Structures are given as structure tokens and as C-alpha cells.
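Worksheet: the structure to be examined is printed underneath.
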Amino acid sequence: MDPSEYFAGGNPSDQQNQKRQLQICGPRPSPLSVHKDSHKIKKPPKHPAPPPNRDQPPPYIPREPVVIYAVSPKVVHATASEFMNVVQRLTGISSGVFLESGGGGDVSPAARLASTENASPRGGKEPAARDETVEINTAMEEAAEFGGYAPGILSPSPALLPTASTGIFSPMYHQGGMFSPAIPLGLFSPAGFMSPFRSPGFTSLVASPTFADFFSHIWDQD
């Protein structure tokens, strides 16, 4: 098929215009030729499909649960009227079942443990705990009567605290009109009362009679 006809769509006028546009200027190039050696080259065969990977783990299949019995299960035949008695005998609701069954060989260890717990008194430890509570309450009441205070958990009675020793506080003394170094010099001087740098709270502290009585009591002891 002429390419001009393909592009022109079959119209004669369009074909002529297309031929004019597709005219090659200059000599036509020589056709391509294939060398003889190239004909000897053959396409290699396809590679065979790779074998399945043997290292690949098999698909995961979930395992079914395995039931482990302490006692091998066995079938026990019983009628409807004897069903409750058979179940009670095998589960062991009392210690007398083992005596009747000749040692309880057909009874599971869990049933033996349950029967042992039922036979032993569970409230054996409760009286001991109650006795300890009574002893603690009695001790607290005796301490309250001795010290004359309400018993507490953290703080002891004030009467039981040791008295403060006389040397725990350093005495305040004055020599030649000089106060102790622990007290500022201008505390009781007129300059200290009239100082513009004093705070209102400090003035009220100095003017308090309780504060003055406290220091006079210490000075009288000296």
C-alpha cells in the first residue's frame, strides 16, 4: 500500500498534495543489506522454568489442641438414675469416696485435692488473726490509760517524749551594754526604732509585749 494513499484517506486531490510533500530531495539511499555472518546467528532457546524452591517452608497449618489427661480417660457406662451417684463418686466430693473405691485409683488428682480441701477446716487461720487484733487493741488501750491521750499511729504521747536538755539552746547575754551577736545591735536602740529602713512587720514584732517579755525572761536568768 502506498503511504500517500494511507495518509490521504483515498481522496485523489489529497493524494497529489501528499506526494508533493513526500518527495525526497537528492539521491535515494541504498537499501540496507544484512551480512552473511549475521544470518548464522540464531536466537538462543528459552531457559527452562526454574524448579520450585526446596528451602521454602511448607504452608503453616494450625495444630489442633492436644488434651493431656492426668488420668487416662475411660468410658463409664451408667444409667440415668445412677448418673449423679457415679459423677459424685468419680469427682470425690468427700473423703469417704476414697475408702469406698479402695484407694481412689479411678479418681483424678484434682478430685483428691478438692476432697482434701473440703475435709480440712478453712477457717483455721481466722482465730489466730482475730487473736492478734485483740492483742493490738488491748495494747493501745493500755497505752492510752498510761499516757492519758488518745492513741495515734504516727505521733507518740507528749508525756512520753523526753524533756529538752538545758544546753540545747544557747543563752543570750550582754556585756557592757552589748547584746549577743545573734541579735542585731539596733534592735532596741532608738536609732533602730526611727530607722527609715525598718519594715512595718518588724516594728510590730519589736513593739509586741510578748516579744519583750521573752527576752526579759532570758536576761533575768543570767
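Cβ coordinates come from backbone N, Cα and C, glycine included.
Annotated in Swiss-Prot:
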type	residues	note
COMPBIAS	12-21	compositional bias 'Polar residues'
COMPBIAS	37-46	compositional bias 'Basic residues'
COMPBIAS	47-61	compositional bias 'Pro residues'
MOD_RES	SER30	phosphoserine
MOD_RES	SER72	phosphoserine
MOD_RES	SER108	phosphoserine
MOD_RES	SER120	phosphoserine
REGION	1-61	region 'Disordered'
REGION	105-130	region 'Disordered'
MOTIF	83-92	motif 'VQ'
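The CA atom of SER30 (phosphoserine) is located 97 Å away from the CA atom of SER72 (phosphoserine). In terms of DSSP helix, strand and coil, the motif 'VQ' (83-92) has 9 helix, 0 strand, 1 coil. The Cβ neighbour count for SER72 (phosphoserine), using a 10 Å radius over every protein chain in view, is 5. Each residue in the motif 'VQ' (83-92) has a pLDDT score, and their mean in this model is 83.
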